[in-house]
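Undergrad: OK, Swiss-Prot features for this one:
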type	residues	note
BINDING	W70, Q71, Q72, E73, E74, R75, S76	beta-D-galactoside binding site
DOMAIN	4-136	domain 'Galectin'
MOD_RES	S2	N-acetylserine
Amino acid sequence: MSDRAEVRNIPFKLGMYLTVGGVVNSNATRFSINVGESTDSIAMHMDHRFSYGADQNVLVLNSLVHNVGWQQEERSKKFPFTKGDHFQTTITFDTHTFYIQLSNGETVEFPNRNKDAAFNLIYLAGDARLTFVRLE
């Protein structure tokens, strides 16, 4: 996943809503939305896998701990994404959980494993083009 768009020094805090929109490449195999403090400290990594290894049309969620590595993956079959189409994902969180609303209105939850109350880096990587980021 070499293509990347990022927003640094963004004040994403408890009670706020982060909406990320973009367009999935027509030949996509995967793309990810990441929320954290740095590229080696990611609290929420949501990897959209269209066809990657043995994974077909699945969301893989994880977190990356600095100097430790990736943690236990969680998977969801909620996958309203289509190659070549627009997507919009809205994320909010508390000290226990990330609440991720997908384009079709379905929600996926993922633990806020470090109990963080604020993040300053959002980035999209892989086979999609970022069109907007909105923080409310």
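Note that the numbers count up from 1, one per residue, in the order the chain is shown.
Cβ atoms here come from the backbone N, Cα and C positions, even for glycine.
Explain the structural surroundings of these features, please.
TA: W70 (beta-D-galactoside binding site) has a Cβ environment of 11 other Cβ atoms inside 10 Å. Secondary structure at W70 (beta-D-galactoside binding site), taken from DSSP and collapsed to helix, strand or coil, is strand.
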Undergrad: Counting across all protein chains present, how many other Cβ atoms fall within 10 Å of the Cβ of Q72 (beta-D-galactoside binding site)?
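TA: Taking all protein chains shown, Q72 (beta-D-galactoside binding site) has 9 Cβ neighbours within 10 Å.
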Undergrad: Any idea what the model's mean pLDDT is for the domain 'Galectin' (4-136)?
TA: 97
Undergrad: Can you name the residues of this chain that are 6 or more positions from Q71 (beta-D-galactoside binding site) yet have a C-beta less than 8 Å from its C-beta?
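TA: Non-local contacts for Q71 (beta-D-galactoside binding site): N62, S63, L64, V65, R113.
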Undergrad: I need the most crowded of these binding-site residues: E73, E74. Count other C-beta atoms within 10 angstroms of each C-beta and give me the top one.
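TA: When each Cβ's neighbours within 10 Å are tallied, E74 leads.
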Undergrad: Including all protein chains displayed, how many Cβ atoms other than that of S76 (beta-D-galactoside binding site) lie within 10 Å of its Cβ?
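TA: Its Cβ shell of radius 10 Å holds 16 other Cβ atoms.
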